[in-house]
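Q: I'd like to ask some things about the structure below.
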Amino acid sequence: MWAPGMMKPAGPLGAAAPGGMLPQGPSPPGPHQFGQSGAHAQGHPPQRFTGPPPVNSAAPVNSAAPSYAPYSPSAQSSYPSPASTSSVTQLGNQFNAMHINSYGSGMAAPVQGPPGPPSAPSFQGPSRPPQPSIMQPGSQVLPPPPTALNGPGASPLPPSTHRQDGLPGPQYQPPPLPGQTLGPGYSPQQAANYGLQMAGGQLAYPGGFPGGPAQMAGPPQLQKKLDPDSIPSPIQVIENDRATRGGQIYATNTRGQVPPLVTTDCVIQDQGNASPRYIRCTTYCFPCTSDMAKQAQIPLAAIIKPFATIPSNETPLYLVNHGENGPVRCNRCKAYMCPFMQFIEGGRRYQCGFCNCVNDVPPFYFQHLDHIGRRLDHYEKPELSLGSYEYVATLDYCRKNKPPNPPAFIFMIDVSYSNIKNGLVKLICEELKTVLEKLPKEEQEETSAIRVGFITYNKVLHFFNVKSNLAQPQMMVVTDVGEVFVPLLDGFLVNYQESQSVIHNLLDQIPEMFADSNENETVFAPVIQAGMEALKAADCAGKLFIFHSSLPTAEAPGKLRNRDDKKLINTDKEKILFQPQTNVYDSLAKDCVAHGCCVTLFLFPSQYVDVASLGLVPQLTGGTLYKYNNFQMHMDSQQFLNDLRNDIEKKIGFDAIMRVRTSTGFRATDFFGGIFMNNTTDVEMAAIDCDKAVTVEFKHDDKLGEDSGALIQCAVLYTTIGGQRRLRIHNLSLNCSSQLADLYKSCETDALINFFAKSAFKAVLHQPLKVIREILVNQTAHMLACYRKNCASPSAASQLILPDSMKVLPVYMNCLLKNCVLLSRPEISTDERAYQRQLVMTMGVADSQLFFYPQLLPIHTLDVKSTTLPAAIRCSESRLSEEGIFLLANGLNMFLWLGVSSPPELVQGIFNVPSFAHVNTDMTLLPEVGNPYSQTLRMIMSIIQQKRPYSMKLTIVKQREQPEMVFRQFLVEDKGLYGGSSYVDFLCCVHKEICQLLN
């Protein structure tokens, strides 16, 4: 081991640098050390994903970059050519007995069978000089003979295994005693032996290892594959948490407690900290020092969903109104009154929990203290006893110091030839009559205060006057799309109730009006500009609903060309595909945010439309992007209509600004989401709805104390749908510790993956994907190696030891690495990749969890008398059966997979046809068959759909038919068809990486 402050240097791309050691000291502050929030202090960790890690980041655990680039689906060998054959005899037998041991959860599972080369299947990257104890693989390798060179690792028997509880490991395994379990996360076959198959046979590429020395060939080895049942199962982790915490009341009265998983249903009771529905953290115990944070490399982050939907059995937020006085705030740091303020001097003053400043209590707010120093009105005031609440904002919090007008919705329909011809325009117009009846309104109001307006467009814009006293709507055409102006003010934005007959008249006329149009060219940026100018002229915030279907090629600002170039894939220029092709959209988004104009885009592409450019304004304004590829009326209209209805009815706040304050010692440094930032602290959002989350990363700027903990306050200033200015406050207190073990104990893997996904997806705009994947693998190994070195009891190096809170981190991380954003696949379009990237950037933890690890349910085991979902199974082909029917959902897609021998009575019950062969796979909605199977399955599908922001389109898949290929990519534990490791292989790869870090 090296002394703290020294590490094995990583040369470019992780090739070992010559010279062995570098002098201690801060790394030179290269350009990669400056993040969004300006320069970090010299020697601080660089912003994640800004390039290969700095050479000397003072981490005690070796954090050399990995020596391979994960998942390059090129046709080369997945290993570098061996530099010398002498290293064959130097294999330190670290894989001979690789065991997986999850801290606090029992058994290590031994690997037996001959050792092979360390496995990093389907990884390929720069070759590096041979290092002791790292095997340079050949096509088949014989186990090294036990020699003094090899050290104890080469003994014919694996070294004795250890369990974290100090019991002898399962070297020979007596049967478990009655009632003895093998610990959460493992099935009863856990103790079965598994061997790591690591010879060339595992490679997906023809030719094994080109250039491998001939004399290494030997008889093929009889090796057992690692048993998937013995490695941590996400399903088991989810089930265990449900069993221990499901259906219970979770009270938020304890600092730093780890909440139930997002997949566990429980009732949350706010007792002084914000509900995990509003804020989740990557760890609920922060390290006391930045050195400790650097050592563990666990990101310190919060995923905040300020408008999250609260179930009806939980208390809605209280509204605090201090009249003209407004909210009570700390004079120094401006934090809002909350449970972390300490009242002193008989209640006349209070000490701020964030900056420790002592403030006078305003006279109107004075109250005496009881015998324990608590105000007598503590439980009557939401801001003193609850983690989340709202304040009515005073005029000081309003633009131009006057109350805001209620927001407006503007519907903007692309009436180009193809949209008219395929019936889309008629569908939209018909549906608007229905949804306008459901405009959101304040709880106590009879009708909605939202005003509505209508624009149609192709390469010119048509504004409509729908004033209530008109007999017929009037159209005004704006042909100058270079300088858009709003041709009418009075009669453009109207109250729906008052103008209903004129509006219905207009919606009936639009499809007819453009029926003979042959115009196929469209504009796009001027459409957004027009909507924003209309809101600006009406002096209100609002939302544009744009229904668009093609690349905007007409002469106008924001005109785009088809730049979809498959040749850029797997090159350093691939990042260009994710960047907008013109800066028009960036400055347009900035103007929209400044005027509280949120843009939601419904896209109906039949070919490339440049989602990376068109989607930028929706992303930066807090809007949503919906995409329906090759929209067909009879198949896709239901999915679109569900999305439209859901979007219009959503809980939403407009013209919002968010500030995240922290107690002394750390601060918010980086923000990810549907946000815009003009400075380093104010998160600006034209709107924010109940499905949007903002992920915030924190860094130390001083020490944190174990006594005081770490406090976070998120304040969102916004305008309600009724036009009232409010402040929504969420407070959370975390523990701090100088023990690494406490940090690992309090981690939440689902939140970690949300953070890693967003930081990686943000990085794809600037960095080669290969570098990003490398950093992710490296950091995963680093986090686990630090745990192994500092927190686990001593055990054989061959053991893979995972902290209990992170035992499914490798499987989830592998799912992220295989996602089409980070790993291109031939059948996935550039637009689809840009689309998925954008969706993930605003996801909350529950949505990212399902997106990266889909839910797979056996339907043939349904109990039709029960309303509970069948138990999920792991996402692997080995879990499917020919006799079964399985439902898979990931939040965007839903698949019903039918095995070739599906039970006929089930097929009859669900599809109302006699057999498997008769099932029509074109349907996207199940027929309503009046029997228990059909009813139960449709109920299950609606339960899964319920809390999800996007309507999932159903695809019926038959085993062994072509469309099954699409379904297969969601079986995320298996090897990818175009690169991407299986879970088992990735675990081996991470283990190898950890061993290298620890050597």
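Just so it is clear, glycine is given a Cβ too, placed from its N, Cα and C backbone atoms.
Note: TrEMBL annotation is automatic and uncurated.
If you look up TrEMBL, you'll see 1-88, 106-192, 206-233 marked as region 'Disordered'. The compositional bias 'Low complexity' annotation in TrEMBL covers 1-24, 56-88, 212-221. Annotated domain 'Zinc finger Sec23/Sec24-type' per TrEMBL: 327-365, in sequence order. The domain 'Sec23/Sec24 trunk' feature in TrEMBL is assigned to 404-647. As annotated by TrEMBL, domain 'Sec23/Sec24 beta-sandwich' applies to 653-737. Look at TrEMBL and you will find 749-848 tagged as domain 'Sec23/Sec24 helical'. Here TrEMBL flags 867-941 as domain 'Gelsolin-like'.
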Q: Are there residues at least six beyond either end of the domain 'Zinc finger Sec23/Sec24-type' (327-365) with Cβ under 8 Å to its Cβ atoms? List them, or say none.
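A: Residues 272-273, 320, 373-375, 383-387, 391, 393, 661-664, 708, 711, 713, 715, 727, 729, 731, 733 contact the domain 'Zinc finger Sec23/Sec24-type' (327-365) from elsewhere in the chain.
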Q: Taking the domain 'Sec23/Sec24 beta-sandwich' (653-737) as reference, which of 404-647, 749-848, 867-941 has the most Cβ pairs under 8 angstroms?
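A: Out of the listed stretches, 404-647 contacts the domain 'Sec23/Sec24 beta-sandwich' (653-737) most.
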Q: Averaged across the domain 'Sec23/Sec24 beta-sandwich' (653-737), what pLDDT does the model get? Just tell me the whole number, please.
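A: A mean pLDDT of 96 is what the predicted model shows over the domain 'Sec23/Sec24 beta-sandwich' (653-737).
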Q: Please count the residues of the domain 'Sec23/Sec24 helical' (749-848) that DSSP assigns to helix (H, G, I), strand (E, B) and coil.
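A: In the domain 'Sec23/Sec24 helical' (749-848), the DSSP-based counts are 66 helix, 4 strand, 30 coil.
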